[in-house]
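Peer 1: If you scroll down you'll find the structure; I have some questions about it.
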Amino acid sequence: MKKLLIGGRYLLLALGAVAMLLPFVWMVVISLQPAATTLTLPTFAWSSALHWENYRHAWRLAPFAQYYGNSLLVTATTTGGQLFTSILAAFAFSHLHFYGRRLLFRGLIALTMIPGELLLIPNFITLTHLHWINTYAALIVPWLTSIFAMFALRQAFLTHPQSLYYAARLEGASDWQYLWHVLVPLNRPVITAVGLLQAIGSWNAFMWPLIVTNSPRLRTLPVGLMTFTSQTGTNYPLLMAATVFVVVPLLILYLALQKYIVAGITRANLKG
Amino acid sequence: MLNPKPSLKTTLHALAYLAPLLIITVLFTVWPLLSAVRLSLATRSNFYTGRVTAYGWANFGALWHDPDFHRAVQHTLLFTLGVVPASVLLALGVALLLNRLPHCARFFQTLYFLPFVTSTVAVSLVWGWLFQADHGVVNGLIHTNIDWLNDPHYSLLALILLCLWQSLGFNILLFLAGLNHIDDRYLLVAQLNGATAWQRFWHVTWPLLTPTVILITVNALITNFKVFDQVYALFHGSAGPANADLTLTYYLYQKFYIENQTGLAAASGLVLFGLVLLITGLAGTYFHHWTRWLRKDAR
């Protein structure tokens, strides 16, 4: 009876897993079909010859190398910036005493409720005034902070005993030295987790890059992929090959660093 | 310096650490919020200079009478109702199946979480192919001939299915963390006292898991109120056939980016903000009562 129950659990989980995986499998299968013929084929009748050249054609049809470069640049700089500004602020909120600390902290947390879609309108107007539309600055500067990251890091910094801080200070270390030589190394797993979550968000961001850029030179991968659809029309094998380009880097990152990502999400959402 | 009492000196010192975050936050969050409120109340303004010449409630009035806005609110609510309860229940089910699984729990978790790390635009495009009328996989599997993406009766359902599939992994992960927090001893005692599996779930696990359920539900509600990327990618930059997938955020995008109606867009954004505040407020009240109930229980 007990064995049967366990077996049932595995069966249900496997069925669910197939449903989760099916779109990914389909993406790869279609990307290897002869280009421009899939619309005439019955659903499950595939050609057995694998057309790897679809990837080469798709890569040539749009400036995907440029999109990759843009996505990498934007993701790296925004994630780095977010970590830097959040680490500094998290240190102030966890270790320093100053007027208005509680009020300021609560105010910042309250700001996280504002939908980004609402802020997009005035931010777009600000960037227009600054002549930043269609520049890297528009893609990067507004995203250099994250209150979510600051909150998660502050929670982590608070778990270290104050006595450690006071001991370091008595030994003559400055706040700056304590932060970068003691606190940051001690919290490397949390910082990695938060950084990865921010990087995933940045890599996949769509609405903001769509609105503030309109030249191919500045498109990030998701926006580039979206504009690619109008070029390929119903040529699904090429479109799916391009989709594989966009999806693969994050899949590799996820499979390699899964434990940090999982820890980051559970830590940030179920504490406090 | 080691004195924990705040002074002018320690405040200036702390401000140096806070400055980068505060400057960016004020420039790109606080100021725009005020600016959005101002824009929503502006009845006459110049799109390019942003100068406002007349104020009033006309934008909110226009929303009230705009059938498209009604449609957007209706679709957003319908869509959210379609995704959130199903996603929360399914995620709970999978999390219970995964919880304390002897082998391969990590393997399954990885698979279920895959959609979360992949670009929304990318997975939406793949689903666009699965939903094809003639040779689509969805029709092939359930033996139907529905034109999912071009029939206004089915296109919202297609969007719901996509978002349901995409949101599961994240919710499963949070449920697993919540289940991990439950002390094994409660379940052991219940078992020793002869409680059946269902009784153990309903009388031990479920009450202890309620805060997690609320948290996940609220988070899912807010995320789904703002659905945009999936609509844009699934319907190739339109709001679906006959505007059948026009959601609140899509409406905001249309008014702002396509029609240059900044005031209307800002007003609709504030309505969205109001919805988020309402849900958060309700959840906050619940948690307030729950912690008070816990404290009373402890006494």
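Yeah, the Cβs are placed from backbone N, Cα and C, and that goes for glycine too.
TrEMBL annotations: computationally assigned, not manually curated.
I grabbed these lines from TrEMBL:
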TRANSMEM  B:12-34  transmembrane segment
DOMAIN    B:73-283  domain 'ABC transmembrane type-1'
TRANSMEM  B:77-98  transmembrane segment
TRANSMEM  B:110-130  transmembrane segment
TRANSMEM  B:156-180  transmembrane segment
TRANSMEM  B:201-222  transmembrane segment
TRANSMEM  B:264-287  transmembrane segment
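Give me the structural setting of these features: burial, nearby parts and distances.
Peer 2: Within its own chain, the transmembrane segment (B:12-34) is flanked in space by no residue lying at least six positions past its ends with a Cβ under 8 Å from the stretch.
Within its own chain, the transmembrane segment (B:77-98) is flanked in space by residues 105, 108-109, 112, 156-157, 159-160, 163-164, 167-168, 171-172, 174-176, 179, 201, 213, 216-217, 220-221, 224-225, 227, 247, which lie at least six positions past its ends and keep a Cβ under 8 Å from the stretch.
Residues 94, 136-138, 149, 158, 161-162, 165-166, 168-170, 172-173, 229-230, 232-234, 236 of the same chain, all 6+ positions outside the transmembrane segment (B:110-130), place their C-beta atoms under 8 angstroms from a C-beta of that stretch.
The list of residues near the transmembrane segment (B:201-222) in space but at least 6 beyond its ends in sequence, with Cβ under 8 angstroms from a Cβ of it, reads 80, 83-84, 87-88, 91-92, 96, 167, 171, 174-175, 177-179, 181-182, 186-187, 190, 195, 276, 279-280, 283, 286-287, 290.
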Peer 1: Short question: which residues 6 or more past the ends of the transmembrane segment (B:156-180) have a Cβ under 8 Å from it?
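Peer 2: Same-chain contacts beyond the flanks: 75, 78-79, 82-83, 86-88, 90-92, 94-96, 98-99, 109, 112-116, 120, 123-124, 127, 131, 138, 148-149, 205, 209, 211-213, 215-216, 219-220, 223-224, 227, 230-231, 234, 240, 244-245.
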